[in-house]
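Enquirer: The transmembrane segment annotation in TrEMBL covers B:33-53, B:59-78, B:90-115, B:121-144, B:151-169, B:189-211, B:241-261, B:273-290, B:297-315, B:321-339.
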Amino acid sequence: MSPPSPVAQRQPVLAARGIHQRFGGVHALRGIDLELFPGEVLALVGDNGAGKSTLLKILSGNNRPTSGEVLVEGRAHEFKNPAEASAAGIATVYQDLALALDLDVVENMFLGREVSVRGAGRLTGHLDRALMAKRTREALDRVHIRIPDIEARCVDLSGGQRQAVAIARAVTWCDKVLLLDEPTAALGVEQQQEVLNLITSIRERLDLAIVLVSHQLSHVLEVADRIAVLRQGRIVRVFDRDEATSSSLVAAITGLTEGDEE
Amino acid sequence: MNLKGQPIKTSEAVSNVSNTPGRVRAATIADRVGPFWTLGVLVLIIAIFGVVTPNFLSQGAWIATTVATTQILILALGQTFVIATGGIDLSVGAVLGMSGMVGGLTMATLMAAGLPSGATIAIGFAAGIAAGTAAGVINGLVITKMKVTPLITTLGMLGIATGVGYLIGGGQQIATIPSDITTIGFTNLFGWIPLPVLVAAVLAVIAWYYLTKTRFGRRALAIGSSAESAKRAGINTDAHLIRIYALAGGLAGVAGMLLVARLSAASPTAGDGSELHSIAAVVIGGTSLFGGRASIAGTVIGAVIIAVLQTGLVVAAVDPFWQYVAIGVVLIVAVWADQQRSKLLARKR
């Protein structure tokens, strides 16, 4: 059903094969097959309860599937936790950003990966602030994010800036796949556009594959190369960017026929 | 927010984001003004006591106040780290008393066995501090592994440690300890600095260093800011919390042994009510009860305020039972003031 991808000749960096997920009596995912290629943005769309978040939780190592497997560069992985997914090169930016808002930008960039000074300071875990600040600036510059004061606490940043910090952190520590869970939800219109520009910028500059989960079809149409539609735990259709329209997506999402267009 | 009018997915995560900024943003500003206004309050209280009872500015009152500060401060240093993670430790007072009793029993036993007093005291201190640390580790394990809230866990430990303290001495004090121990309790450097005060000051500097400059402190604040974020960032939050409760228990052990040195006896009731003092000191100092932001300098000022109130009321010949009332009122006012400030600033935004 899905048309040949422009990058079909390359090995998928991330693949899901026959993923099923049951929660008690609920069959949330019913056989998901998905391939993701380096340098592409794949959007996952679907109604509430279609299985987008469940699928993302499996790919990010938060949940383990009832059956099926996740392959990274052709090798099967069973992630027990997000740290294992991260070690395999998959980073996730969660809806709630996963920042420690009371800490500053530098501390958040290095949260859980703090760098100690050399010598005696190692014994106490004395932080090398200068080095971490320098690397934070480099990381932000790499994806053209402007944060005026990286010593500012994240709580004092705008929602868009916080999302940018979360994304910058993710791309700093992963080298293969970036999973974005509703990155534009809870943001103002202007800030939503900033985040979309950032996604495009990352796609152009870094050789990452991006999975974007979003409700906002206009955003999906703007930045995605391919759009996978989930309905009732199945991928019902994968659109290429050129063939997808807002109305064809809505038709696929809801399962209602769309007049004569199909 | 959504141009297509579709409902935005409402997970708890989203509501977290929209709820926190006001509080925490205000807190950021409160952080900058916090230590200054508490310092002002402290100066004001000292001035009032100085005017009402000139004796309050004497060397005797100074020594009494600083020694009282010692006990409150050492407990409050551990409490600062605990509250920084968003937790609370109600057991530190009882653990202080229990640790003193363990140290006291150890010293009494060793002295009876004829061990020299220096070694007896050293081993007694080690035993007391170890007992406090053990109680803290148990708190940490129950909180992280059994998922009982810090409030209930440490309330339970308050009961357990109180009971163990009484059981060790059969409800009595232990006074059969080397008299040399008063050297630790009563040495005043240059006549003005009691040795326990020096110990507390050194511990405060170390606590400040660890909170502000090291991975240990930053991770404590990260857990208090968002335990979920810390976990997702790969931090072993359980292990970190256990360490922090162990630290609070160990410091309660230190405070307990210093008190034994001061009183030349271990008393099971030595720490009664001091959990209240330690929490009040921390909150007055501007550390957020919600976690995520903490100040050791603020805690030091808070501890001094509580100690000044205690000794000031005594010197002013006010019925000592009013101390409890005064400190309870101060705690409530401090929390209320913090909430008002946060609300005000949240509205401005």
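Placed from the backbone N, Cα and C atoms, the Cβ positions cover glycine too.
What does the local environment look like for each feature on the list?
Expert: Same-chain neighbours of the transmembrane segment (B:33-53): 284-286, 295, 297-298, 301-302, 304-305, 308-309, 312, 315-317, counting only residues six or more beyond its ends whose CB sits under 8 Å from a CB of the stretch.
Same-chain neighbours of the transmembrane segment (B:59-78): 89, 92-93, 96, 136, 188, 191-194, 196-197, 199-200, 203-204, 207, 247-252, 254-255, 258-259, 262, 271, 274-275, 277-279, 281-282, 285, 296, 299-300, 302-304, 306-308, 310-312, 314-315, counting only residues six or more beyond its ends whose CB sits under 8 Å from a CB of the stretch.
Away from its own ends, the transmembrane segment (B:90-115) comes close to residues 71, 75, 78-79, 121, 123-125, 127-132, 135-136, 139, 151, 154-162, 164-165, 168-169, 173-174, 176-178, 181, 248-249, 251-253, 255-257, 259-260, 265-279 of its chain (Cβ-Cβ under 8 Å, at least six residues beyond either end).
Here the transmembrane segment (B:189-211) has long-range neighbours at 59, 62-63, 66-67, 69-70, 73-74, 77, 80-81, 84, 217, 220-221, 251, 254, 258, 261-262, 294, 296-297, 299-300, meaning same-chain residues at least 6 beyond its ends whose C-beta is under 8 angstroms from one of its own.
Away from its own ends, the transmembrane segment (B:273-290) comes close to residues 23, 27, 30-31, 34-35, 38, 71-73, 75-76, 78-80, 83-84, 86, 88-94, 96, 158, 224, 255, 297-303, 305-306, 324, 327-328, 330-331, 334-335, 338 of its chain (Cβ-Cβ under 8 Å, at least six residues beyond either end).
Only residues 6 or more beyond the boundaries of the transmembrane segment (B:297-315), in the same chain, are considered here, and those with a CB under 8 A from a CB of the stretch are 34-35, 38-39, 41-42, 45-46, 49, 53, 55-56, 61, 64-66, 68-69, 72-73, 76-77, 79-80, 204, 208, 277-278, 280-287, 322-323, 326-327, 330, 334.
Here the transmembrane segment (B:321-339) has Cβ contacts under 8 Å with residues 30, 273, 276-277, 279-280, 283-284, 286, 288-289, 302, 305-306, 309-310, 313-314 of the same chain, all six or more residues outside its ends.
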Enquirer: Could you tell me what the rest of the chain brings near the transmembrane segment (B:241-261), counting residues at least six beyond its ends with Cβ under 8 Å?
Expert: 70-71, 74-75, 77-79, 81-82, 85, 87, 89, 91-93, 95-100, 103-104, 124-125, 128-137, 139-141, 143-144, 177, 181-182, 184-185, 196, 199, 203, 216, 220, 223, 270-271, 274
Enquirer: What parts of the chain pack near the transmembrane segment (B:121-144), using Cβ distances under 8 Å and only residues at least 6 beyond its ends?
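Expert: Distal contacts: 78, 87, 89, 91, 95-96, 98-100, 102-104, 106-107, 110, 115, 150, 153-154, 156-157, 160-161, 177-178, 180-181, 184, 237-238, 241-254, 256-257, 260.
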